[in-house]
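Taking it in order: structure first as structure tokens, then the write-up.
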Amino acid sequence: MSSGNAKIGHPAPSFKATAVMPDGQFKDISLSDYKGKYVVFFFYPLDFTFVCPTEIIAFSDRAEEFKKLNCQVIGASVDSHFCHLAWINTPKKQGGLGPMNIPLVSDPKRTIAQDYGVLKADEGISFRGLFIIDDKGILRQITINDLPVGRSVDEILRLVQAFQFTDKHGEVCPAGWKPGSDTIKPDVNKSKEYFSKQK
């Protein structure tokens, strides 16, 4: 795995690349296009594989939930945009993706994967890296899975909601926090209000 330039609390590495958009067209997009929105940017190893379509379809199927949070989901792999399009045009029952509600970025030179520290250099593919970038372009969360295990869309939604809550209210979110749950005031005395309710 490459070390990369992605660091929590710092600007996310910028990129410009060709993507297959939800309308099936090719378009050059960059991270800066999404300034003012949260971005969930996730890498997957390869098109036409096994775990990858389950993750991509899960994110695509719930793209509207992210959109309601002013959050754009973007997928990326080292495959060409032509390969992405062929996979999108392959029926789900044949291992394809079917129509997508999220852009899929092409990173054939592996520069984006390297910048984000997810390149598995010996195979020339990406680990399952996922990055939550806030509306100011600051990297707030990083997870990187080894190849055989997919990610949870529920957890990513929860994390986006939690970061947005802390941005807005200045309180911090305890383990397992969900919207509507108690939060903690980040102050020695005021935090007792939360802890006094614990069993």
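First residue shown is number 1, and so on along the chain.
Just so you know, glycine gets a Cβ as well, placed from its N, Cα and C.
Given the structure is predicted, the values throughout are model-derived calculations rather than measurements.
Look at Swiss-Prot and you will find Cys52 tagged as active site, cysteine sulfenic acid (-SOH) intermediate. Cβ neighbours of Cys52 (active site, cysteine sulfenic acid (-SOH) intermediate) (same chain, under 8 Å, six or more residues apart in sequence): Tyr44, Pro45, Leu46, Ser77. Under the three-state DSSP scheme, Cys52 (active site, cysteine sulfenic acid (-SOH) intermediate) falls in the helix class.
The Cβ of Lys7 (SUMO2 cross-link) lies under 8 Å from the Cβ of Leu139, each of these being in the same chain and 6 or more residues away along the sequence. Annotated SUMO2 cross-link per Swiss-Prot: Lys7 (among others), in sequence order.
Here Swiss-Prot flags Lys120 (among others) as SUMO2 cross-link, drawing on similarity to another entry.
For Lys185, the entry in Swiss-Prot reads SUMO1 cross-link, with the evidence type similarity to another entry. Listed in sequence order, Glu171, Val172, Ser191, Glu193, Tyr194 are the same-chain residues at least 6 apart in sequence whose CB falls under 8 Å from the CB of Lys185 (SUMO1 cross-link).
The annotation domain 'Thioredoxin' is assigned in Swiss-Prot to 6-165.
The N-acetylserine annotation in Swiss-Prot covers Ser2.
Annotation comment: Swiss-Prot describes Lys7 (among others) as N6-acetyllysine.
Summarising the annotation, Swiss-Prot assigns N6-acetyllysine to Lys16 (among others) and lists similarity to another entry as the type of evidence. All protein chains included, Lys16 (N6-acetyllysine) registers 12 other Cβ atoms within 10 Å of its own Cβ.
The N6-acetyllysine feature in Swiss-Prot is assigned to Lys27 (among others). In the three-state DSSP classification, Lys27 (N6-acetyllysine) falls within a strand. Within the same chain, the residues at least 6 positions away from Lys27 (N6-acetyllysine) whose Cβ sits under 8 Å from its Cβ are Thr18, Ala19, Met21, Pro103, listed in sequence order.
Feature annotation from Swiss-Prot assigns phosphoserine to Ser32; the stated evidence is similarity to another entry. If you take the C-beta of Ser32 (phosphoserine) and look for same-chain residues 6 or more apart in sequence within under 8 angstroms, you find Ser14, Gly137.
Within 10 Å of the Cβ of Lys35 (N6-succinyllysine) there are 12 other Cβ atoms, across all protein chains. Under DSSP, Lys35 (N6-succinyllysine) is assigned to coil, being neither helix nor strand in the three-state scheme. Annotation comment: Swiss-Prot describes Lys35 as N6-succinyllysine, evidence class similarity to another entry.
What Swiss-Prot lists as N6-acetyllysine is Lys35 (among others), and the listing cites similarity to another entry.
The local packing around Thr90 (phosphothreonine), expressed as other Cβ atoms within 10 Å of its Cβ over all shown chains, amounts to 16. Marked as phosphothreonine by Swiss-Prot on the basis of similarity to another entry: Thr90.
The secondary structure of Lys136 (N6-acetyllysine), as reduced to three states from DSSP, is coil rather than helix or strand. Sequence annotations record features per position, and here Swiss-Prot assigns N6-acetyllysine to Lys136 (among others).
Residues or ranges marked as N6-acetyllysine by Swiss-Prot: Lys197 (among others). Mapped onto three states, the DSSP output places Lys197 (N6-acetyllysine) in coil. With a 10 A radius on its CB, Lys197 (N6-acetyllysine) counts 8 other CB atoms from all the protein chains.
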Point to revise | Cβ atoms near Lys136 (N6-acetyllysine) (within 10 Å, other residues, all chains) | key: 12
Review point. How many Å lie between the Cα of Lys35 (N6-succinyllysine) and the Cα of Lys136 (N6-acetyllysine)?
Key: 6
Review point. Taking only the recorded positions Thr90, Lys120, Lys136, which one has a CA atom nearest to the CA atom of Lys16 (N6-acetyllysine)?
Key: Lys136
**Study point:** Cα proximity to Lys197 (N6-acetyllysine), best match among recorded positions Thr90, Lys120, Lys136
**Key:** Lys136
Revision key, fill the gap. Confidence over the domain 'Thioredoxin' (6-165), expressed as mean pLDDT on the 0 to 100 scale, is 96
